[in-house]
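Data block below; observations after.
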Amino acid sequence: MPTSVRISAPDEISASDEISAQNETTAAQNETTAAQDETTAAQFQTLALAVVIGVGAGAGAVLFRWMVMGATRLFSGHADYAAAGGSAHPLLPHLGPYFVLLAPAVAGLVYGPLVHRYAREARGHGVPEVMLAVARGGGRIKGRVAVVKSLASALCIGGGGSVGREGPIVQIGSALGSTLGRLVRADEQRTTLLLACGAAGGIAATFNAPLAGVVFAMELILRRWTARTFGILAIASVTACVLARAVFGNEVFLPLPGLSVQHSDQYVLFAVLGLVAGAVGIVFTRFLYAVEDLCDRIWRGPEWLRPAVGGLALGVLLLVLPQMYGVGYPVLEDAAHGKYALGLLLLLLVGKMVATSLTMGIGGSGGVFAPSLFIGAMLGAVFGIVAASLFPGHAAAPAAYAMVGMAAVFTGSARAPIVAVVIMLELTGAFGLLLPLLLAVALSAGVSRALSRETVYTLKLARRGIDLSRPAGATG
């Protein structure tokens with residue numbers, strides 16, 4: 001009889017399990033491949049968006065600079081009134097230098113209602129609002145903030161507001177990146193990264209400093225460091241910088257070539273400067289908010305009118321010290337090259353603190369980065385003169401102390417030492433001062449941390465009860 005072969009039940013189960021396992025493995029491999037393809041596509045999309053944001057931030061920085069130049073020419077009749085020495089307005093010669101009494105008030109009468117009506121977050125120096133959007137807002141910034149901030153800051157600076165362009169362009173670029181992230185329906189993490197791309201591109205295009213743009217976004221905005229993030233930010237930063245160079249040329253902001261340390265004992269003087277600058281940075285921060293509190297207590301009218309009325313007080317200060325008009329880069333450069341006497345340098349140092357604080361207190365719109373550089377340059381120049389008189393033949397060049405002072409005071413106020421080092425090297429080209437720069441900035445950061453928990457950026461948020469060092473919703 002033929003023998004029938006029958007597969008036992010266990011063999012049937014084993015074969016079935018093997019086929020099922022193979023199917024599951026194949027399905028898992030397909031899912032993994034699909035996920036990898038999706039991840040690769042997302043990465044390429046992010047890189048493409050970084051380029052687009054770089055173009056937008058670069059164009060925004062160029063346009064904003066033109067707007068500031070145009071507003072300055074309109075309100076003062078000069079390309080930069082800080083360097084005009086109290087001259088008359090060409091269209092109002094009969095008023096002489098007294099036209100400056102009204103310039104900030106007229107500008108405030110325009111940008112005050114604009115900010116109050118359309119984007120109140122555009123008031124102030126901008127960077128804290130961007131930091132808050134990253135830490136608490138999922139990287140979301142309203143698109144209209146870019147428009148309102150650019151108009152308000154251009155009018156404020158052009159009308160004599162003693163603030164900088166950097167804070168506004170960070171907020172403008174960040175708003176562009178955030179808006180694009182929402183348009184492509186990016187998740188929170190990617191939207192935040194695109195926001196940072198806008199900030200990096202804005203700084204890079206404004207200062208012709210691509211590496212500083214990347215470091216600024218990582219140290220101050222994102223507050224985290226990864227290789228992937230660096231690469232994406234670098235693409236946006238380089239793109240923005242290339243566009244700005246095509247318009248304004250490839251020039252160093254404050255050329256100080258040939259500076260170096262001649263004697264080892266000069267490091268002691270740079271260390272002392274770093275310690276002093278850290279304290280000055282904290283004094284500037286506290287004075288800034290003290291004046292803002294004073295203005296809050298005094299003012300009883302509508303907020304939209306505050307910049308115009310307060311602008312009258314600012315006008316009086318500008319009449320006495322026209323060097324405080326606007327950003328003041330020409331004055332900073334002259335101080336770095338040793339063109340001012342000791343007494344005038346001290347007056348300009350104190351005057352800048354007062355002028356910037358008053359501009360912010362009356363509701364102005366602009367950055368505090370440039371003022372901190374200005375104050376640091378004055379401090380460094382003063383220190384250089386004193387050091388040369390006390391230690392003849394041992395002190396470095398005055399320009400060296402001015403350059404290191406700029407970085408150290410900014411570090412004292414913002415506590416961003418890496419940004420300070422990188423941006424000063426790119427702005428001046430003084431790579432021979434790298435070692436004293438690192439020394440002074442490190443000591444400044446230590447003094448700043450010992451004297452205050454908050455920085456010029458985080459204090460604005462802390463006064464509203466927001467602690468960026470703690471998770472959202474934390475109490476206690």
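Using N, Cα and C of the backbone, Cβ positions are placed for all residues, glycine too.
In TrEMBL, annotation is done automatically, which means it is predicted and not curated.
Predicted, not measured: the structure shown is a model, and the values here were computed from it.
Per TrEMBL, the listed range annotated as region 'Disordered' is 1-22 (candidates: 1-22, 155-176).
Counting residues 6+ beyond its ends, the transmembrane segment (47-68) has Cβ neighbours under 8 Å at 146, 150-151, 153-154, 157-158, 165, 168-169, 172-173, 176-177, 180-181, 184, 194, 197-202, 204-206, 232-233, 235-244, 247-248, 326-327 in the same chain.
Long-range neighbours of the transmembrane segment (95-114) within the same chain, counting only residues 6 or more positions beyond its ends whose Cβ lies under 8 Å from a Cβ of the stretch, are 71, 75-76, 81, 86-89, 148, 151-152, 155-156, 158-161, 303-312, 314-316, 318-319, 322, 325, 362-365. For the transmembrane segment (268-289), the neighbouring stretch richest in Cβ pairs under 8 Å, chosen from 192-218, 309-328, 368-391, 431-451, is 431-451. Stretch with the most C-beta contacts under 8 angstroms to the transmembrane segment (431-451), considering only 309-328, 368-391, 403-425: 403-425. Contacts between the transmembrane segment (192-218) and the transmembrane segment (309-328): absent, as fewer than 3 C-beta pairs lie under 8 angstroms at sequence separation of six or more.
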